[in-house]
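**Q** First, the structure itself, so that you have it in front of you.
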Amino acid sequence: MLISTLPLLLHEQLAQSTRMRVLCVAEKNSIAKEVAKILSGGRARPRNSLYKYVKNYDFQYTFQGLGPCDVTMTAVAGHVLTTDFGPEYAWGKCPPGRLFDAPFLTKPPPDRDQRAGILKNIIREARNADRLMIWTDCDREGEYIGWEIMSVAQGANPRLNLQTTWRAQFSHLEPQHIVAAANNPKALDMKLVAAVECRTEFDLRVGTLFTRFLTNIYKSKRLVGEKEVVSYGTCQFPTLSFVVDRYVRVRNFRPEPFWSIDLAVTKNGQKVNFSWSRNHLFDRMFVYVIYAQLLEGPQKPRIVGVSTKPTSHYKPLPLTTVDLQKCCSRYFKMLAKAALDAAELLYTAGYISYPRTETDQFPAKLDLKGYITKQTLSLDWGTHATRLLQGSFRPPRGGKHDDKAHPPIYPVKSASLDTLRPDQRKVYEFVVRRFLACCSDDARGLQTKVDLQWRSERFTALGLQVTERNFLDVYPYSDWKSLAQLPEFAEGEEVTPSSCKVKEGKTSPPNYMTEAELIALMDANGIGTDATIADHVEKIAQRNYVTRRKIGKSEVFIPTSLGISLIDAFDAILIDRISLLKPFLRRAMEGFLQKISRGEITKQDVISQLLPLYKEAFMESNQKGHVISDTFIQTSRGLS
């Protein structure tokens, strides 16, 4: 028996020795586990790595062009290398200004860092690998982490280089999609790597030197505690500036009185309010002169125009990361970071597509009806999904943005809401309803407009009847309701006012900044990316530059004395220089990073254009450092 099985055993050993060994590395252990499960058909064998929260999954898989391979799927937990200055440039070892020219070191984390175990695991698993496949998130940051993984693996095994490293392109964890990604890998995009390297080094250099400069000033005057850090960030300060600017506008607001003319006509027992074409005026006497002219003499108001025309309320665009954060903040009073964290968990669980995307147009090849079908069993929106498949489906609108990396956010598979945590439940329901709304028809209605002329003044009444709700049936976040139906008026008809009076009002102050408004401003001004905006907002709160406060039904940002003084001080110091507080420099940086990603410019091109501007601002600030401490003292007294 032993002799008869010997040739078979030798054949198996020979096959194993000739099989290629492929090391796959994901950005998170949850992704590694799911991808391994899919590619192995559920037969992956887990074993411990050198970091307790990451497992290694062994299985066999047939890659196109390689035949059957022995595969190990593992993961990292974000970046595996650190970029910093050398020890001679540590805090207290040199003046902050020297960091403008200090070289960078990219190195492994210290042994006490949790990443050390992850890095050692990559080194160990890479030693016997013939190929490396990167399964990090498919964005700029993920590409850079992929390059870090390759660099570490190459140090342990020179065979693993750009030629033998693949990059899996995927946006969700549906099995068919993951298999397609495994069978159609690409090369690492070193242009994206260069863009992240540029942004990392630039932000680290400028952020570190200004942070040390500010902290030294505040501590020298004992304005902050010994362990406190007054940090500067190229995105952080423009974000703070938006909040402070709004706060100042609210505090400095002085209401102004205005006057308007309200006219009402009653016909067939129905009162119809007409709006004055001038809206309101700030000259009380002039309004009363017009009012007196209207009332004198026998001339009656006359209907000069009646029209009824179809109108539409457009369905929403496909969902981007920024829109997800704004909507969750507005509709659910959820912090933007909490919304994004919940979306990340839904993605890693396979419920939605990758939630970090700037794209607001679905690719033509995406099987939209297939994903609608997966929602038909829902008790909450299944009826609407079924209706779409029975003939009500309409192609989604297309926006103007395509990041070329990921489609908009959409539901990949059905989920039972009862099994999800509260934040995840809200986000998942919103993603599904938004997707189904995108695949529905616009809401439709009839708008009636009646124009009335009375002497020299024009008044207008509007009516709206919603005739087809369509996407509104599944998307309760959009409000479009019928107004009172207007009675029939005829052009040329004279009417008798049932009331006409002068109404006095006052201008209203702007509201304090909400998170949804702040995110919209940051997005419009190029501050941060879809993936980082929430972090920048959270950071100004963590640094005690702003506080969150409930006013009425809204949670708003109120700047602290520290936050206000920082903005006021830099405004005063750099009054004739380029501002560190406005979005111009950061917007320019984001534009440059996109150009690096396309291969149009290099990192050095960006450094040579932008760094001198920050250097000039630093030199000016360094000479007038007393303004920073003086402003803080004055602001604190003013708010106390």
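Note that Cβ sites are derived from N, Cα and C of the backbone, with glycine treated the same way.
What Swiss-Prot shows for this protein is this:
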| type | residues | note |
| --- | --- | --- |
| DOMAIN | 21-175 | domain 'Toprim' |
| BINDING | E27, D137 | Mg(2+) 1 binding site |
| BINDING | D137, D139 | Mg(2+) 2 binding site |
| DOMAIN | 189-618 | domain 'Topo IA-type catalytic' |
| ACT_SITE | Y354 | active site, O-(5'-phospho-DNA)-tyrosine intermediate |
**Q** Between D139 (Mg(2+) 2 binding site) and Y354 (active site, O-(5'-phospho-DNA)-tyrosine intermediate), what C-alpha distance do you get in Å?
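**A** So the Cα of Y354 (active site, O-(5'-phospho-DNA)-tyrosine intermediate) lies 10 Å away from that of D139 (Mg(2+) 2 binding site).
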**Q** Take the C-alpha atoms of Y354 (active site, O-(5'-phospho-DNA)-tyrosine intermediate) and D137 (Mg(2+) 1 binding site) and report the distance between them in angstrom, rounded.
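**A** Pair distance, Cα basis, whole Å: 8 Å.
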**Q** Which chain-mates of E27 (Mg(2+) 1 binding site) that are at least 6 residues away have a CB under 8 A from its CB, listed by sequence?
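**A** Result: A75, V76, A77, G78, W135, T136, D137, G142, I145.
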**Q** Give, as a single whole number between 0 and 100, the mean pLDDT over the domain 'Topo IA-type catalytic' (189-618).
**A** 94
**Q** Measure from the Cβ of D139 (Mg(2+) 2 binding site) and count the other Cβ atoms within 10 Å, all protein chains considered.
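**A** Excluding its own Cβ, D139 (Mg(2+) 2 binding site) sees 21 Cβ atoms within 10 Å.
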**Q** Let me know how many other Cβ atoms fall within 10 Å of the Cβ of Y354 (active site, O-(5'-phospho-DNA)-tyrosine intermediate).
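**A** I get 23 for this one.
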